[in-house]
Amino acid sequence: MRFLILFLALSLGGIDAAPPVQSRIIGGFKCKKNSQPWHVAVLRSNKYICGGVLLDPNWVLTAAHCYGNDTSQHNVWLGKNKLFQREPSAQHRWVSKSFPHPDYNMSLLNDHIPHPEDKSNDLMLLRLSKPADITDAVKPIDLPTEEPKLGSTCLASGWGSITPTKYQIPNDLQCVFIKLLPNENCAKAYVHKVTDVMLCVGETGGGKGTCKGDSGGPLICDGVLHGITSWGSIPCAKPNAPGVFTKLIKFTSWIKDTMAKNP
């Protein structure tokens, strides 16, 4: 069955688009080839659902809301610059096990929760069935060792929608530069809870940010991985409505412990 699914994905030239999930890139630009070698495409069967980050040859980090009931169909593509085209640099791996953060509220996945929602702890580790081969196009990135600095210019990347209201995903991996803002900016913008395990990132004037399909992808601030795309405004990149990211410095112990206990 897995061979059949992989064959179908390859015969289609890569990957199908899935219905919108939660987050995407607006106002960005095509990333330079292989400039984000840790960026991963996370799939369910042959449907693209989220981004992810390679932390180790055996481990990918993504968002917990990318979780699906049938985890046996989770798989990833690494080393891709073009989502829907075959590339010599690309590597395919199945996911052997998923580890959503134990404190993430999984009932949020039903999308029938009264406001305000608390989307804290939105991260998930994926154990690969076979280690990734490290190449120029596939490289892990380290976890942060200190707090990010307010005002930093950060880089988000993803294959999420490039239009704010209509779900239109690009072939080329997109990058966007956005600012790390005080969490108060996001707390004022949303009815959902903004907690100390989240980062508020975007442009106060709007027009740039993440959107549907970018969920689980990396946020790099001053060259360091500091966040995972989590949630934001609808339509995306509205003025005074920055994006919200999982703050990884708060979760390094859980990430390292989970990886160590599941070699």
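Quick reminder: no glycine exception, Cβ is built from N, Cα and C everywhere.
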According to Swiss-Prot, the cysteine among Cys200, Cys211 that forms a disulfide bond with Cys186 is Cys200
Bonded to Cys221 via a disulfide in Swiss-Prot, from among Cys154, Cys175, Cys236, is Cys154
Cβ atoms other than its own within 10 Å of the Cβ of Cys66 (disulfide bond), all chains, total 26
Three-class DSSP assignment, Cys186 (disulfide bond), comes back as helix
Sequence-ordered recorded positions within 10 Å (Cα) of Asn105 (N-linked glycosylation site), taken from His65, Cys66, Cys200, Cys211, Cys236, are His65
If you measure between the CA atoms of Asp122 (active site, charge relay system) and Ser215 (active site, charge relay system) and round to the nearest Å, you get 10
